[in-house]
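Report on the structure given below.
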Amino acid sequence: MGTCTSHDVEIDFRTNLKKLPLDIPISEKILNRRRGGVPMLSDLSSFIKESTEDFEKTSQPKEYIEQKIQELEHKVDLVSKIDCWDMNIFEISDLSEDHPICCVGMYLLKSHGLIEEFGLNTTCLSMFLYEVQRNYWSINLYHNATHAADVAQSMNILLTRCPFLSENVTKVDYFACILAALCHDLNHPGVNQKFLRNTDHIIVSTYQASPLENFHAARAHTLLKSSGLIKHLDDDVQKEIYTIINHLILATDMEQHRTYMEKFNVCVATGLNMKDKKTKILTLCIAIKCADISNGCRPWIVCKSWAENIMGEFFIQGDIEKEMELPISPLCNREQEKIPQSQVGFINYVLLPLFECWQNAVNCEVIGEAIAYLKSNRETWNTL
Ligand SMILES: [Zn+2]
């Protein structure tokens with residue numbers, strides 16, 4: 001599964017953690033481009049400081065942050081929406097004062113009884129979620145905390161409303177899946193792997209296979225470990241949580257999409273045996289892949305906003321590639337690309353085959369709803 005075994009990943013963590021860059025050198029270029037005429041910030045750390053100033057203005061930050069997250073949680077009413085494709089994550093982001101990960105993460109873990117189940121320290125959990133939130137770059141039009149919270153909510157829909165999964169997924173699985181979804185794009189630089197390869201970026205020299213996803217997984221490992229959130233759990237439970245997180249984050253590499261689909265199709269053809277550990281992890285990998293690219297399974301207004309955000313991020317990459325005289329990556333040329341056509345292509349060639357394959361395997365109402373949204377959104381894109 002994926003390109004690394006969990007053992008390889010653990011070795012990677014040990015040998016490479018110290019080398020991992022937090023402030024990725026291309027950030028200044030991207031910041032400049034995104035902020036347009038607005039005064040620019042010269043480095044990411046000052047940007048992070050500015051964006052979290054409100055949370056940091058107390059002399060007792062841990063308690064302050066815990067209390068602040070509780071207040072935001074009450075303000076953001078997730079109860080009736082959390083299990084539905086028609087939840088608007090952009091509204092949740094606004095209501096939570098741009099802290100969707102803190103609110104969605106806390107709500108999902110609390111409402112599934114995981115705090116009691118695993119004896120989690122709520123201060124540790126608040127700090128962990130806050131750090132995850134802080135490690136997404138809000139300057140990214142797409143790969144930001146709102147996307148991560150959206151993937152966690154989508155993952156929750158699949159894990160709780162699809163009986164095949166809910167009957168086979170343990171509390172440990174659910175916990176690890178939500179953590180993986182929240183962390184799956186940590187510190188995303190807002191450019192793709194092709195760009196990083198073409199610029200000989202340190203992430204690419206650190207990890208040969210799935211460099212970005214390995215980077216996100218390493219960041220997830222670091223934040224989870226340093227938070228101390230699960231350090232009191234038995235070693236084998238901790239190991240299982242880290243293993244699931246690693247596998248799921250690596251599975252979000254779209255360059256490996258075909259490989260995952262081929263493996264999953266083989267498993268589906270012979271009957272998905274969730275008692276087999278490898279099959280179960282592969283199934284959860286397919287679930288996070290669905291969650292990660294599920295923007296088209298939402299009501300039109302949400303689907304359209306996401307499409308504009310991702311294409312906007314691609315176009316900024318294309319602009320930088322042009323400036324740097326690099327080949328412009330597919331979908332990144334703002335002068336040639338047509339958003340409606342590219343969305344229809346993505347629905348036809350990636351999303352529908354993925355969700356239909358998933359439906360063949362698990363057959364449930366909630367996937368049927370997702371497919372209906374995909375078809376209806378495709379119709380609308382076709383009229384534009
Ligand atoms: Zn993602």
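Here the Cβ of each residue, glycine as well, is placed from N, Cα and C on the backbone.
All TrEMBL annotations are machine predictions without curation.
Quick caveat, the model's predicted, so the values are computed rather than measured.
D185 is the residue from D94, D185, D200, D253 that TrEMBL records in the AMP site together with H143, N144, A145, T146, H147, D292, Q343. The Cβ of T146 (AMP binding site) has 25 other Cβ atoms within 10 Å, all protein chains considered. Non-local contacts of D292 (AMP binding site) by the CB criterion (under 8 A, 6+ apart in sequence, same chain) comprise V151, S154, H184, T252. In sequence order, G296, A307, N377, R378, W381 are the residues near Q343 (AMP binding site), counting only same-chain partners six or more apart with C-beta under 8 A. What surrounds the Zn(2+) 1 site, by Cβ distance within 8 Å of the Cβ centroid and not counting H147, H184, D185, D292, is the set H143, A148, V151, A181, H188, T252 from the same chain.
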